[in-house]
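Here it is, the structure in full.
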Amino acid sequence: MGAIMQANENMGSKLPKTDGKVIYLAGGCFWGLEAYMERIYGVVDASSGYANGKTQSTNYQKLHESDHAESVKVVYDPKKISLDKLLRYYFKVVDPVSVNKQGNDVGRQYRTGIYYVDNADKKVIDNALKELQKSVKGKIAIEVEPLKNYVRAEIYHQDYLKKNPNGYCHIDLKKADEVIVDSDKYTKPSDEVLKKKLTQLQYEVTQNKRTEKPFENEYYNKEEEGIYVDITTGEPLFSMADKYDSGCGWPSFSKPISKDVVKYEDDESLNMRRTEVLSRIGKAHLGHVFNDGPKELGGLRYCINSASLRFIPLKDMEKEGYGEFIPYIKKGELKKYIHDKTH
């Protein structure tokens, strides 16, 4: 009999559930954490259980005796998502300094924890927590231990929020839709390399803050689904899902693909007061952001030079190493379809 393939389109992986790497995460009530993890690209499967108690067996009614933590077994494809990135998604939805309490749930069974089965994961976990500690006040209370005495939870608890869409959930599931772009994947080439790699216009725009002509640039009216990356480094910047026609003659976006991939500087050139937008790693001049965008899209207009961007079509994103961002492009298609049908 062949392996049963994971069918959830949000997971981005066709790895059999029995393959991949495994990590066990505790973060309060497991109903919400399980549903949240299932939304993350690269996760193959998530299931609820009880971890690191005193006994080899337990059930929901006996947790106060066995001291198990409500946990989620996460099977993930390391080719799609790293453990470090998975943990950063986990950190988004837990209070890391709270002891035995998450959301409205109080008790030892609701403690936070990361339980590993591969000893090599311990270093990754420790480094991730060290980075997290820099951004939070108070001592981190997330326990880190090798997995022991794990018990799969009762059928009633598995996929609880799928079976009960309006059921209790202390987690904001939308945080799984927030894009994390790894900065260490991208580097800025030397000026010598950039001069060879870029056209004269691309170099002048990105390095010397020039502006290309409106309506005479490559992407201002492009409607194909895909992703726009920094022409100098390849770092993802904008999704077609957030592109709209502002009539200004340059590509316009309601927001970057992640708030972390752009930087801002005051620009008082040309006797105007504007906010310049630069790429995070390449520090390339991209354009400017204005507050005259559509209110229903957040009210911002990122007016970006085509010369600062490289477009990668949806069909090529996987082979060019941007497969992890495909779900956000597809969500954009759905959003656009719904908008068109209701307006």
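Residue positions begin at 1 at the first shown residue.
Every residue, even glycine, has its Cβ placed from backbone N, Cα and C.
Residues or ranges marked as region 'Peptide methionine sulfoxide reductase A' in Swiss-Prot: 21-174. The active site, cysteine sulfenic acid (-SOH) intermediate annotation in Swiss-Prot covers C29. Taken from Swiss-Prot, the feature domain 'MsrB' applies to 191-314. Taken from Swiss-Prot, the feature active site, nucleophile covers C303.
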Reported as an integer number of Å, what is the Cα distance between the residue listed as 'active site, cysteine sulfenic acid (-SOH) intermediate' and C303 (active site, nucleophile)?
43
Mind giving me a neighbour count for the residue listed as 'active site, nucleophile'? Other Cβ atoms within 10 Å of its Cβ, every protein chain shown.
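The residue listed as 'active site, nucleophile' is surrounded by 24 other Cβ atoms within 10 Å.
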Among all protein chains shown, how many Cβ atoms are found within 10 Å of the Cβ of the residue listed as 'active site, cysteine sulfenic acid (-SOH) intermediate', not counting that one?
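I get 22 for this one.
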Going by DSSP assignments with H, G and I as helix and E and B as strand, what are the residue counts for the domain 'MsrB' (191-314)?
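Going by DSSP assignments, the domain 'MsrB' (191-314) contains 32 helix, 40 strand, 52 coil.
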If you average the pLDDT over the domain 'MsrB' (191-314), what number do you get?
96
